[in-house]
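Copied over from TrEMBL, here are the features:
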TRANSMEM  12-32  transmembrane segment
TRANSMEM  61-83  transmembrane segment
TRANSMEM  89-106  transmembrane segment
TRANSMEM  118-140  transmembrane segment
TRANSMEM  152-174  transmembrane segment
Amino acid sequence: MTTVAAGRSKTYDLVYIAVFAVVMAVCSWISIPAQVPFTLQTFGVFMAVGVLGGKRGTLAVLVYVLLGAVGVPVFAGFSGGIGALLGNAGGYIIGFIFSALVMWAIEHVFGRKPVVQIISMIVGLIVCYAFGTAWFMFAYTRSTGSVGLMAVLGWCVFPFIIPDLIKIALAYVLSGKVRKYAR
């Protein structure tokens with residue numbers, strides 16, 4: 001690869017990473033308020049990794065989270081800042097990074113076959129649920145008082161399972177179509 005082609009490739013990578021960080025921000029703004037707001041953020045994470053692949057997709061998720069951490073209002077309800085990450089739902093946002101990393105690892109080991117992509121999205125979602133739920137329990141207990149796991153799962157996971165599986169299906173279908181144009 002020539003120096004010009006390598007430079008162009010890196011430029012395209014940066015642009016795609018930035019575009020998907022913006023996609024995740026827009027997905028977070030489509031929100032129904034709750035203890036843990038219903039958003040399309042997980043859809044954005046699935047799309048980033050599905051379209052860009054593990055490395056670039058994970059970088060897009062990291063850029064998104066870092067933008068929010070420094071105060072850019074990219075999270076649900078147009079919020080941002082370290083306070084959003086330290087709040088009750090912050091673990092789910094941080095969990096997006098671990099979710100993308102796990103999706104990347106699965107696709108790195110098993111390839112980008114259709115069944116692998118779907119499984120990686122499901123496992124990534126489970127990782128996000130686990131990290132976010134543990135964080136929610138910690139943050140909620142510190143601010144309000146003790147709460148049981150089943151109560152937290154009832155607030156933060158169970159209501160989201162069906163919508164998140166629909167987001168996985170949509171992300172799988174759309175990422176396959178968009179990937180053709182994002183090379």
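The chain as shown is numbered from 1 upward.
The backbone N, Cα and C atoms fix where each Cβ goes, and this holds for glycine too.
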Long-range Cβ neighbours of the transmembrane segment (61-83) (under 8 Å; 6 or more residues past either end): 17-18, 20-21, 24-25, 28-29, 31, 33, 37, 39, 41, 44-45, 48-49, 89, 93-94, 96-97, 99-100
Residues of the parent chain within Cβ reach of the transmembrane segment (89-106), under 8 Å, 6 or more residues beyond its termini: 24, 35-37, 41-42, 45-46, 48-49, 53-55, 57-58, 61-62, 64-65, 68, 75-76, 116, 119-121, 123-125, 127-136, 138-139, 156
Tertiary contacts of the transmembrane segment (12-32) (same chain, 6+ residues out, Cβ under 8 Å): 38-41, 43-45, 47-48, 51-52, 56-57, 59-61, 63-64, 67, 74-78, 96, 182
